[in-house]
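Per Swiss-Prot, the feature transmembrane segment maps to 19-39, 46-66, 98-118, 122-142, 153-173, 196-216, 242-262, 289-309, 323-343, 349-369, 390-410; the stated evidence is sequence analysis.
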Amino acid sequence: MLNEQDSVTEHRSRRKIKFALLGPAFIAAIGYIDPGNFATNIQAGATFGYQLLWVVVWANIMAMLIQLLSAKLGIATGKNLAEHIRDQFPRSVVWMYWIQAEIIAMATDLAEFIGAAIGFKILLGIPLLQGALLTGLITFLILTLQRYGKKPLEFVVGGLLFFVAIAYVIELFYSKPKFIMLGMSMLLPILPNREAVFLSAGVLGATIMPHVIYLHSSLTQDESKTASRSERYSSTKLDVAIAMTIAGFVNLSMMATAAAVFHYGGYTGISNLDEAYLTLSPLLNHTAAIVFGLSLTAAGLSSTVVGTLAGQVVMQGFVRFHIPLLLRRVITMLPSFIVISFGIDSTRILIMSQVLLSFGIALALIPLLVFTGNVKLMNELVNSLWIKLIGWLITIVVIILNIYLLIGIII
């Protein structure tokens with residue numbers, strides 16, 4: 001009898017540990033539903049209907065594997081990806097990596113910050129500059145949660161992720177997509193023209209986020225006193241599966257809603273978020289438009305927090321330089337205010353930032369695969385042969401797409 005009770009107690013204890021370890025992937029997943037995703041998915045859906053849904057599906061599957069490898073690196077070694085690059089690569093290469101990672105982090109932050117500002121503009125009817133100031137203030141408040149430990153921040157960011165997911169369940173309900181066409185487009189790879197390739201690269205850059213690859217390895221690198229490495233890795237697999245499935249659903253819903261409402265409603269030229277909001281109201285109803293504005297704001301606010309955290313990890317990891325998070329937030333806000341002040345097309349900036357991000361994916365992936373495939377570093381958590389093959393295949397696909405994009409830009 002005592003043995004049975006001990007067994008039940010141990011099982012409950014392990015289950016508590018498993019759930020206590022959930023959370024880091026939800027912070028990482030926020031990077032996959034930022035305003036850049038809104039802009040790219042809406043333009044892709046409005047222009048090509050359901051045709052590019054397969055890109056979202058495969059990009060999300062790739063992202064799941066990549067985030068799992070990043071988290072696994074932190075668990076197995078107690079160091080994040082940037083720290084491993086600093087320790088094992090030549091100094092000149094480390095500085096090159098740091099500079100490109102900072103540029104990518106700033107491009108990401110630009111997209112996220114402007115997206116949240118657009119959300120406030122839509123909801124409150126205020127100028128974009130005031131929306132940007134409000135975004136900065138709320139981001140500061142969310143970042144102060146870090147002084148109370150990781151869990152409060154994980155709880156808030158995870159809550160915003162669920163909010164955006166629920167918002168898009170509502171959007172799907174109102175838009176009434178053609179589910180047979182939707183399902184077929186998720187399976188059939190089609191790239192009708194060069195613009196589709198450009199938008200696909202944007203979708204890839206918006207779905208697989210280089211800065212989140214660096215961040216996730218830092219979120220799991222702390223030693224746990226209550227769980228073994230195998231237990232932590234087991235919990236991480238569940239964490240990544242749940243969080244990335246939610247993020248994938250949101251991205252699919254964004255594109256499917258845009259396809260159903262705009263493309264098949266005859267509004268194939270929708271190219272910015274303000275236009276999308278204004279068109280949603282007469283085509284569906286005012287509630288759908290408000291839900292869109294709320295989800296954009298929530299995604300923008302949460303992803304700016306994640307972007308700031310990632311920027312700090314990149315700076316500390318590569319060059320051992322630390323500045324207070326709030327000061328970093330002020331510095332990274334400046335490009336957004338410049339874009340807004342000069343009246344540059346904010347949605348175009350969002351999409352271009354996502355294409356820029358796609359160029360940083362391979363640079364993060366190559367060292368990640370090298371380190372997680374090293375048995376001396378990873379021990380029993382080293383990548384299997386299949387994982388190595390799939391990882392390098394993903395890297396090759398990303399590089400080929402980037403080369404195609406570069407040729408297209410030059411020509």
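Keep in mind that glycine also has a Cβ here, set from the backbone N, Cα and C atoms.
The model shown is predicted, which means the values in this text are computed figures rather than measured ones.
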Three or more CB pairs closer than 8 Å, sequence separation of 6 or more: does that hold for the transmembrane segment (242-262) against the transmembrane segment (46-66)?
yes
Using a Cβ cut-off under 8 Å, which residues of the same chain at least 6 positions beyond either end of the transmembrane segment (153-173) come close to it?
23-24, 26-27, 29-30, 33, 142, 145-146, 243, 246-247, 249-250, 253-254, 256-257, 287-288, 291-292, 294-295, 298-299, 301-302, 305-306
Contact call for the transmembrane segment (323-343) against the transmembrane segment (196-216), three or more Cβ pairs under 8 Å:
no
Which stretch, 46-66, 122-142, 196-216, 349-369, tops the Cβ pairs under 8 Å count with the transmembrane segment (289-309)?
122-142
Based on Cβ pairs under 8 Å, which of the stretches 46-66, 122-142, 349-369 lies most in contact with the transmembrane segment (196-216)?
349-369
With a Cβ cut-off under 8 Å, give me the same-chain residues at least six positions beyond the ends of the transmembrane segment (46-66) that come close to it.
32, 177-178, 181-182, 184-190, 192, 195-196, 199-200, 203-204, 207-209, 213, 240-241, 244, 247-248, 251-252, 255-256, 258-259, 262-264, 267-271, 276, 365, 368, 387, 390-391, 394
Checking distant contacts: for the transmembrane segment (349-369), what same-chain residues at least six beyond its ends satisfy Cβ-Cβ under 8 A?
35-40, 43, 66, 69-70, 73, 81, 84-85, 89, 97, 100-101, 103-104, 107-108, 110-111, 114-115, 198-199, 201-206, 208-211, 213-214, 217, 273, 339, 383, 388, 391-392, 394-395, 398-399, 401-402, 405
